[in-house]
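Below is one structure; the comments refer to it alone.
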Amino acid sequence: MRDLLVLLALARGRAGWMALGAGFALTATATGIALLGLAGGLVAGAGAGIAVGAIAWLRALALGRTAARYLERLTTHEATFRVLADLRLWFFERAIPLAPARLGGWRGGDLMARLVSDIDALDGLYLRLVTPTAVALLTVVGLAAVLGSLSPAIAVPVVALLALAGLGVPALTERAGRGVGGVQVAAAARLRVAAVDLVQGMADLAANQALDRQAAVIAEAEAGHEAALHRQAAISAAGTAATQLVSQLALVAVVLGWAALASGAGGTPLVAVAVLVTLAAFEAVAPLPLAWQLLGRTKAAARRIREVAEAAPAVCDPVRKGPPPASNALALEAVSFRYPGAERPALDGVDLAVPDGGRLGIAGPSGAGKSTLLALLLRFHDPDAGRVTLGGVDLRDLAVADLHARIGVLSQATSILAGSLRENLAIAAPEADEATLRAALDRAGLGTFLAALPDGLDTWLGEAGVAVSGGEARRIALARVLLKDAPILLLDEPTEGLDAETERAVLAALAPAMQGRTVVTISHRPAPLAAMDRVARLEAGRIVEATD
Amino acid sequence: MWGGTAVHQPAVGPGRAAQSRFDRVAAAGYRSLAMVETVTSGVAEPDDASSLSVQRAEQRRRQRWLAGRTRSARLPLGAAVVAGFATGLLAVAQAYLLAALIAGAIGGATFAELLPTGGLAVLVFAVRAGLGAVSEMLAVSAASRVKRAVRADLVAALGRLGPSWLKARRSGAVTATVMEQVEAMDGYVARYLPVQALAGAIPVALLVPAFLVDAGAGWILLAAGALVPLAMALVGMRTAVAARRQMAVLQRMSGVFLDRLQGLTTLKLFGAADRELERIREVADGYRASTMAVLRMAFLSSTVLELLAVGSLALVAGRVASAVIGGGLSLEWALFLLVLVPEAFQPLRRLGQHYHDRSAAIAAAEGMLEILDAAARLPADGEEFRLDGAPAIEFDGVSLEYPGGRRPALDGVDLRVAPGETVALVGESGAGKSSILAVLLGSERPTAGTVRGAGRPVDGPVLRASIAWAGQAPRIVAGTLADNLRLGRPDASDDAVRAAAEACRVTDFADRLPHGLATVVGEGGRGLSGGEARRVALARALLRDAPLVLLDEPTANLDRDSEAAVLDAIDRIRPGRTVLIATHSDEVIRRADRIVRIDGGRVVEAAEDTVLA
């Protein structure tokens with residue numbers, strides 16, 4: 001619960017909108033109750049020969065109810081939009097210092113996807129959890145007051161039955177469904193693994209004629225998943241039926257209770273009002289089972305989001321900044337680093353140095369520690385032992401942003417953002433004018449690419465836009481690096497995944513950019529390392545040889 | 001939901017929220033904090049008449065397909081509708097019993113006098129609630145049947161399309177089609193279809209008792225009912241244009257928040273993360289405003305329904321009150337009508353609540369149809385055949401071009417490999433080595449020229465039964481290590497598996513694991529390094545025991561010890577088999593019978609003898 005409250009506290013600034021939304025929701029429910037109650041009174045009064053002058057009131061209530069519903073929709077959505085924008089911005093802000101070490105690493109897309117789906121799960125927090133619960137509580141309290149004024153002895157069982165329908169039954173349903181929920185999540189995960197194996201392992205499965213067997217694996221996983229869904233559906237259907245039945249029992253309770261209390265003393269048209277008012281109040285109780293179901297899911301999502309958002313960053317800016325580095329020489333001095341939970345250190349006593357303007361290549365098989373070395377140079381992590389320096393200054397004495405300002409990174413992990421080409425370049429040089437952007441694209445070998453784009457620099461790239469090939473993405477990343485014009489270049493597998501022709505072109509475009517800069521290139525391919533002054537070979541976290 | 005990224009995993013299961021469709025639009029909306037100005041400027045105007053009609057035709061085709069797919073579940077679906085209709089009719093009994101109870105109590109009946117009617121009412125409530133649950137479960141079964149059939153078809157279609165089709169697509173999106181988009185049919189079949197069938201039937205059926213009791217009340221309900229579709233259409237048409245435009249915006253922006261989060265490291269390295277935060281804040285506001293503008297109109301349709309429902313209640317109340325005073329109607333029947341009116345509008349409200357399930361299914365149909373259509377367009381495969389011994393391989397003027405590709409992957413390749421020969425294909429990355437292997441596998445079809453295996457034409461995946469293949473990035477499927485080795489020969493004995501594992505040095509790392517070859521690996525199990533996975537792939541190929549062996553860079557990324565071990569394993573595979581190895585390794589080249597050099601999709605040098613041996 002604490003997790004939800006913390007997130008709700010974020011919405012304090014939107015309390016006005018939220019209160020307005022809840023107010024309209026309550027008005028809509030209350031006018032609905034009044035309308036049916038009054039209609040009952042009118043008809044029952046007519047039966048007793050009492051002419052109730054209620055027609056004008058009925059019309060007013062009908063119009064009021066319709067207007068309140070419409071306004072409720074508008075205000076609750078307005079409030080939800082605002083709260084969610086706040087939530088997303090809050091999370092994004094929290095995530096900035098955490099990236100990438102605490103967010104699953106640079107290439108950790110899965111964690112991100114889960115986090116976003118967790119944030120999505122909070123969509124319902126206000127619209128389907130907080131508002132309906134508040135409205136239901138206030139409605140039942142109001143109903144108790146109305147019924148109590150008619151007949152206190154009837155109010156008690158009716159409120160008790162409505163509470164059972166709105167809270168008791170959903171709580172029982174939730175408890176019954178908890179075990180199946182776990183089974184369903186596990187079954188869904190199995191099905192997903194089987195589907196991912198099919199899609200990503202297609203080449204191996206096809207060549208080994210194992211497609212039919214994989215189809216059988218998927219069908220089996222699906223059968224398990226469907227069985228779990230079926231049991232969940234059964235529990236939920238039983239819950240719905242029970243809620244419906246219990247709330248309808250309240251209607252019978254009103255009538256029979258009234259008759260029992262009157263004990264033959266004669267009837268009153270007020271019975272009709274009491275029953276119809278109760279009937280109309282169901283509307284407020286009906287969304288509660290759903291709110292209950294959401295509560296569990298929302299709580300879990302809120303907990304995971306808080307866990308991430310409140311994690312300590314892997315690296316912190318120094319309390320007091322040291323002097324700015326005098327040069328752009330980089331050095332690792334006896335650096336060791338082990339990822340949390342890993343068996344072996346990723347780097348084990350590494351000594352390396354690049355003078356200002358020097359070029360160092362780092363070769364080695366995958367898993368040797370090359371990427372970790374890069375992560376330490378960018379201060380995504382701090383070493384466990386030893387130190388990393390820039391111009392003789394320990395990176396821990398530099399603000400992370402100041403360090404990054406000096407380094408241009410070209411990597412296969414570089415993201416192309418969903419947005420226009422201009423926006424993609426602007427992250428490197430927000431102030432750059434059109435001509436500068438075009439020149440950078442030209443130098444990166446994207447002149448013809450740009451010419452072929454339907455809207456030039458304003459063409460939308462990425463998801464739902466113009467698809468960018470691997471080679472083009474790398475060149476866009478290259479254009480960014482050129483625009484950034486930083487004194488240090490870190491090239492992380494700069495040509496991985498490119499064909500030979502593109503590799504040559506990217507390296508040729510890089511060559512002039514390397515002039516006068518400190519360059520560190522990490523690659524297991526020979527071509528990018530050819531232009532380095534010195535190549536160190538890394539194996540199992542240690543430097544095994546260094547050749548000039 | 002609107003064809004965007006697979007970011008938001010729809011809640012699987014029946015606990016999904018009953019939301020109005022526009023709640024869903026809104027939900028999809030604020031998922032996507034992004035650049036309204038840029039977006040709207042970039043979006044093609046949907047007012048363009050021809051593109052609109054194409055869109056509509058496509059929409060209709062998806063609807064037809066969806067309808068066709070649900071036919072297999074006609075029986076449970078029909079039963080669900082019948083049960084749902086019965087609960088609708090029971091509303092009449094329920095309304096009557098309730099009215100009788102109220103009228104009785106007003107008339108001064110005692111507790112004992114009312115008890116039988118009360119008991120009957122409780123019975124009807126219980127039967128009605130039970131029937132509702134039964135109807136729900138029948139519909140869920142129907143949905144389950146449809147989903148399983150569609151998923152099986154998708155899996156089969158993907159298998160036919162094979163790796164070359166997948167290569168051009170994001171595997172995440174394809175997986176999402178098989179998972180989430182199939183799941184989107186659940187709401188459509190289990191909720192929307194029964195509700196759609198009942199939305200017209202129940203209100204019409206309830207008109208009959210209304211007319212029988214009081215014609216005036218009947219006419220009020222009939223008029224309101226007739227106004228529903230009319231008013232919906234009027235509001236709907238105005239909304240549709242705006243909604244369609246907003247939908248195009250949504251499509252672009254869906255997932256942008258995830259995109260920015262995933263690009264956070266890149267943004268941070270450029271010091272652009274804080275700037276981006278400011279921009280997201282600005283455009284989130286702009287986006288909220290534009291979505292609210294659409295919602296203001298969209299919410300009108302449910303408001304009209306609300307107005308008709310409460311309006312007819314007010315009118316019926318006034319009408320029956322005067323009828324009671326006039327003596328033309330008993331109190332009991334007047335109350336009956338009052339209770340019946342909300343019931344008559346209930347199915348229409350539920351239709352509104354579940355309408356988004358339909359839109360979601362139609363949107364999801366796009367991805368599913370793309371896969372099924374692509375598979376249906378594939379040319380028929382040639383006849384499969386099995387080779388009896390090491391085959392001769394002949395390539396005559398074989399070219400391979402990708403649609404939209406800049407240059408052909410293969411450009412008139414002539415190649416002859418003698419039975420039992422081991423040939424090293426060398427050349428730079430991208431020269432066409434892997435394409436030659438892919439053509440033999442049948443996962444790529446040459447755009448020109450002919451390929452023969454043992455003298456018979458290779459046309460599609462006809463040779464697969466005779467091929468052992470190990471690719472550059474082998475997939476370790478979920479299961480044990482032994483399962484993975486058996487991928488190409490599920491009936492291999494434990495001894496054979498062990499022998500292959502030893503020959504390819506899989507045991508080097510497997511024996512260090514707690515369960516050896518029985519260790520669970522792949523997704524959800526222990527991950528294997530690139531080098532370990534390569535050794536597993538080679539062991540698979542060895543165990544498969546096929547006369548034609550295709551190895552793609554078998555020693556890349558291996559340290560020297562492992563490379564030597566793997567080469568020994570390859571030497572063990574070679575006797576009695578034709579072997580093609582795409583490689584950069586000097587050692588592999590040294591051991592091959594012959595070298596063929598590929599450059600730019602052409603054979604540039606085919607030495608008859610081993611150059612270095």
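Numbering starts at 1 and runs along the chain as it is shown here.
From the backbone N, Cα and C atoms, a Cβ is placed for every residue, glycine too.
Annotation comment: TrEMBL describes A:19-256 as domain 'ABC transmembrane type-1'.
Taken from TrEMBL, the feature domain 'ABC transporter' applies to A:330-546.
Only residues 6 or more beyond the boundaries of the transmembrane segment (A:31-58), in the same chain, are considered here, and those with a CB under 8 A from a CB of the stretch are 64-65, 68, 139, 142-143, 146, 269-273, 275-277, 279-281, 283. For A:31-58 (among others), the entry in TrEMBL reads transmembrane segment.
The list of residues near the transmembrane segment (A:125-147) in space but at least 6 beyond its ends in sequence, with Cβ under 8 angstroms from a Cβ of it, reads 4, 7-8, 11, 18, 21-22, 25-26, 29-30, 33, 37, 76-77, 79-80, 83, 154-155, 158-159, 162-163, 166, 254, 274, 277-278, 281, 284-285, 287-288, 290-291, 294-295, 298. Residues or ranges marked as transmembrane segment in TrEMBL: A:125-147 (among others).
The feature transmembrane segment is assigned by TrEMBL to A:153-172 (among others).
Positions annotated as transmembrane segment by TrEMBL: A:245-265 (among others).
Same-chain neighbours of the transmembrane segment (A:271-295): 29, 32-33, 35-41, 43-44, 124-125, 128-129, 132-133, 135-136, 139-140, 143, 146-147, 150-151, 154, 158, 162, 165-167, 169-171, 173-174, 236, 239-240, 243, 247, 250-251, 254-255, 258, counting only residues six or more beyond its ends whose CB sits under 8 Å from a CB of the stretch. TrEMBL lists A:271-295 (among others) with the feature transmembrane segment.
Among residues of the same chain six or more beyond the transmembrane segment (A:153-172), those with a C-beta under 8 A of the stretch's C-beta atoms are 136, 140, 143-144, 147, 239, 242-244, 246-247, 249-250, 253-254, 257-258, 261, 274, 278, 281-282, 285, 288-289, 291-293.
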